[in-house]
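Input: a single structure, listed below in structure tokens.
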Amino acid sequence: MSNKISETLTFECETGNYHTFCPISCVAWLYQKIEDSFFLVVGTKTCGYFLQNALGVMIFAEPRYAMAELEEGDISAQLNDYKELKRLCLQIKKDRNPSVIIWIGTCTTEIIKMDLEGMAPKLENELGIPIVVARANGLDYAFTQGEDTVLAAMAHRCPEQNTLLDNKKVIQQDSTIQDFFSFLSLEKKEETRNNSSIKSKKHPPLVLFGSLPSTVASQLSSELKRQSVQVSGWLPAQRYTDLPSLGDQVYVCGVNPFLSRTATTLMRRRKCKLIGAPFPIGPDGTRAWIEKICSVFNIKTKDLEQREQQIWENLKDYLDLVRGKSVFFMGDNLLEISLARFLIRCGMIVYEIGIPYLDKRYQAAELLFLQNTCKSMGIPMPRIVEKPDNYNQIQRMRELQPDLAITGMAHANPLEARGINTKWSVEFTFAQIHGFTNARDVLELVTRPLRRNNNLENLGWNDLTKKEKQIKFN
């Protein structure tokens with residue numbers, strides 16, 4: 001197989017990567033994001049061990065998630081699934097009283113054909129608590145698709161758009177009442193005037209989908225607000241009771257590349273209009289994301305180029321370190337295309353982008369942006385390999401000798417033993433990487449192995465590393 005990097009984007013498909021993180025890990029960040037929720041993972045002891053170890057939260061700390069462990073009686077159909085789940089949900093209601101209970105199906109529930117979707121509506125009527133069913137099992141391509149499944153299920157529970165119009169009337173009434181009172185301070189009057197000027201530039205409702213920490217979500221909302229774009233809501237909202245209203249007049253835009261199932265549900269089932277934009281990862285991606293949203297609403301952007309330039313100036317110390325370095329993405333979390341595009345813009349050379357699954361329709365804008373970035377930087381286009389075979393990848397890495405490999409945890413130590421610097425791709429999932437201000441965190445993660453190597457060289461250990469490298473590969 002030729003390893004020459006072409007001048008256009010080339011797509012290949014191999015036999016697949018079988019060493020991936022489990023999608024039920026989405027519970028780790030979703031239970032923190034949706035504050036009034038409770039996640040019930042229906043699976044085996046293995047799932048319980050994974051949650052307890054991977055999430056780093058002990059069960060006796062009483063987090064807002066739990067395991068419904070399947071036993072031999074469940075698998076052999078000796079126990080009544082409905083009664084068992086009802087008992088657990090009654091206990092959850094009594095102890096925690098959440099606004100929603102989210103059942104997470106696993107591989108085992110798929111294999112034994114447990115009818116979670118059939119039981120949920122009956123139990124919901126009995127308990128009076130919404131029960132959302134999401135099959136976040138290991139049959140998906142990547143562990144981040146667990147969030148995609150949960151958000152797609154929650155999209156069905158969002159209220160209709162009419163409610164949104166009623167809320168707008170209430171907001172307008174509230175603002176007129178506030179203006180009426182003369183005891184408002186000058187600052188508050190100025191703020192109210194600014195808000196009314198933003199609202200005066202009417203545009204259809206905009207809902208953003210993708211789970212981000214509250215601080216990052218508010219940063220992106222405020223960046224759009226600077227451009228006179230008002231965000232109507234987020235999916236998921238911080239509280240289940242605050243889910244955004246959806247309908248055929250609502251525009252939706254994603255913030256993560258792994259939410260293709262959610263995007264499809266929003267378009268087909270809820271009749272929303274999808275804004276296909278690059279994802280807000282890195283200063284370049286954030287600017288392109290905002291520009292695309294503004295162009296759809298016929299709003300001219302202001303001072304956006306200067307804002308991006310200012311961020312690049314602040315990243316100068318990191319850019320000097322990564323410029324000219326090469327990176328190889330083995331593929332793990334579906335963030336690879338966006339991260340590769342950002343690193344190319346930083347001056348790095350990307351040999352290959354391995355990705356477990358690529359939805360070319362949902363990521364069309366990102367792929368085009370990647371191509372344009374490569375052309376503007378004068379860097380050859382990387383090969384994109386869907387479902388990469390790890391054995392073939394290691395052969396290619398041996399020939400290309402990248403400075404850094406971004407890989408899943410299963411391959412990190414073996415690659416380090418062969419003298420290749422690695423970075424766990426799962427760290428990019430849990431880190432705050434979206435928006436203008438968080439670009440520094442991305443480069444902090446990428447440069448950590450490179451800075452470690454520089455420190456080792458200063459200690460005179462570089463010769464030992466090189467000798468080991470030759471021994472292992474030859």
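Quick reminder: no glycine exception, Cβ is built from N, Cα and C everywhere.
Sequence annotations record features per position, and here Swiss-Prot assigns [4Fe-4S] cluster binding site to CYS22, CYS47, CYS107 based on sequence analysis. Taken residue by residue with DSSP, CYS22 ([4Fe-4S] cluster binding site) is part of neither helix nor strand, so it is coil. Residues near CYS22 ([4Fe-4S] cluster binding site) in space but far in sequence (CB under 8 A, at least 6 apart, same chain), listed by position: CYS47, PHE50, ALA54, GLY138, PHE143, GLY146.
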With the cut-off set at 10 Å between Cβ atoms, which of these binding-site residues ends up with the most neighbours? Options: CYS47, CYS107.
CYS47
Additional residues around [4Fe-4S] cluster, ordered along the sequence, whose Cβ is within 8 Å of the centroid of CYS22, CYS47, CYS107:
PRO23, ILE24, GLY43, THR44, THR46, PHE50, THR106, THR108, ASN137, GLY138
